[in-house]
Amino acid sequence: MIRVICNNETYELPQGTTAADFASKIKNSHYFAGVVINDQIKDLSTTLNEGDTLRFVTFTDPEGREIFLHTSAHILAQAILRLWPDAIPTIGPVIDQGFYYDFANLSISEDDFLMIENMMGQIAEEKFAVQKKTFNSKHEALEEFARNPFKVELIKELPEGESITAYSQGEFMDLCRGPHLPSTGPVKAFKLLRTSAAYWRGDPQRESLVRIYGVAFPTTKELKEHLHQLKEAKKRDHRVLGMKLDLFSQQECSAGMPFFHPRGMIIWDALIGYWKRLHQLAGYKEIQTPQLMSRSLWEVSGHWSNYRENMYTLKIEDEDYAIKPMNCPGCMLYYKTRLHSYKQFPLRIAEIGHVHRYEVSGALSGLMRVRAFHQDDAHVFLTPEQVEEETLNILHLVSELYSTFGLEYHLELSTRPEKATIGSDELWELATAALERALVNSHTPFIINPGDGAFYGPKIDIHVKDAIQRTWQCGTIQLDMFLPERFELEYTNAQGEKSTPVMLHRALFGSIERFLGILIEHFKGRFPLWLSPEHIRVITVADRHQPRAQKLATAWQKLGFVVTVDDSNESVSKKIRNAQNMQVNYMVTLGDREIEQNTLAIRTRDNRVLNDMTEDKFLNTLLEEKNSLSLTPLL
């Protein structure tokens, strides 16, 4: 007999019991996609051992969803080979929005999707058992996949002695690490989304491939809900709204580096202004460090040896330089310009730094995935005893910031990775426990992500949920046990001795460009007044009303409002439509009556009409709406 732990309970099981055997004794086990054993995701066919700790996962769990989609990708490949036997499958990973599979020697269009989906449905209905095969040698694996040059290339690159596995379902077999569903049966609903060109391993010099994207779900209902969400997301696409609302553009000459227009800069300045006020009140001091620094700095930080392929480098007077991909090393140098005492701690240093990181062109996407962006970093230097309290302070700051934008969020605590190289076991345990206690005391829901911490310390990731329930990883709080030591940072402790400070590295927006993209989609371009690129548009009925309109606009601009005047020759109704299409918060129509009675005719972008309003009431209400950072209009 062996003993295993599941859901904090101990079970005695016969030797040789598999996770599937054990699962069969649990209610609703047919929903299980896989099992996490000792923090590693496994197939249900895995044999259990003495002392194993296990947790079964379903489609609603991130691990279970990945298994489900991975098997769905194999079903797609099997369907393609049934319909186009000469196609050559290459790789088919799970991605955020579903999965894709790349094929060589295949020519299809979206007109073929229905036929492919029907074949996928047939494969699912056949309920093939998904079986794992472990090859005895690299030679055996090469023989199995000898007709597929892409698989052969992957196998040859594997280190000698590494386990090589494949998964089969019916007549189809694919080189794969797994894990997978026990059978093709649970995959009930498919939808192929689009096809595109791709290159083997993302290299334009290599073979051209056809990439097919898809999604899959356990039920048709879930698929329909997802497709509705995709339709809504398309309406909110920040790339489309960004151009329509004249916020930003992208140019071929600078892929991944957006151009912000005047209207976009108004939103940008509002975001940054809010961030600065928030941090000043929280006791942060702001710095600015250079974008270009020499190789010697990046060697000390470890970036030159570990991150150089993602950095932009150049030579100046025969010396290597790099544009910074991260703000951290610059802050380390700032810290060293002064002597420090424990009495100054926590020392909170913030920077909105412009960083550059190389991304392949195929991965670029609007403001969400770029090569140049601004990151709102802060580095907090403190003693080990202050970690828990300061982490809690940061979590309170997180709550205040995201609630200001009406964004819900959840937190993930990532613990020590298996191959962590920095710090002792004891230090990792203390650091992780301090972060976990802070999370508990913040009363914010969180989950533990075992083994996903950085090599230099545990971290808390912040995942926000937008208006259509999509989640985005934005901010992070990381305990860094590496850089302070690497840069030989010191402070004088309470005993008068020199010590190395602990450092909390955190970003709240993360990439400000990405956060702005999220906000555009979250608000669907309909920004609250304090963030809006155009607060008020004054619309004249006739040319004779232009002087009064301009006088009002000038006065309101002095109060901090963004005001424009439309005195064009268009009809009043066309002017109103134009303003509403640009999501202007308030339109003020000015004609003879309004001038004679000294009143205003107000119209909101939701088409609410408020006639005969006094200027004082209008301005006082808008000032309250703007200054309170209200998410909803007060008129």
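Cβ atoms here come from the backbone N, Cα and C positions, even for glycine.
Pulled from Swiss-Prot, these are the features on record:
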- CYS328, HIS379, HIS505: Zn(2+) binding site (BINDING)
- 1-58: domain 'TGS' (DOMAIN)
- 237-528: region 'Catalytic' (REGION)
Which whole-number mean pLDDT does the model give the region 'Catalytic' (237-528)?
93
Based on Cβ atoms within 10 Å, give me the single least packed residue among the binding-site residues HIS379, HIS505.
HIS505
According to DSSP, collapsed to three classes, what secondary structure does HIS505 (Zn(2+) binding site) have?
strand
Take the mean position of the Cβ atoms of CYS328, HIS379, HIS505, the recorded Zn(2+) site. Which other residues of that chain put their Cβ within 8 Å of it?
ASN327, CYS331, MET332, ASP377, ALA378, GLN478, ASP480, LEU483, MET503, LEU504, ARG506
Is CYS328 (Zn(2+) binding site) helix, strand or coil when read with DSSP?
helix
Going by DSSP, is HIS379 (Zn(2+) binding site) part of a helix, a strand, or coil?
strand
Just give the helix, strand and coil counts over the domain 'TGS' (1-58), going by DSSP.
8 helix, 24 strand, 26 coil
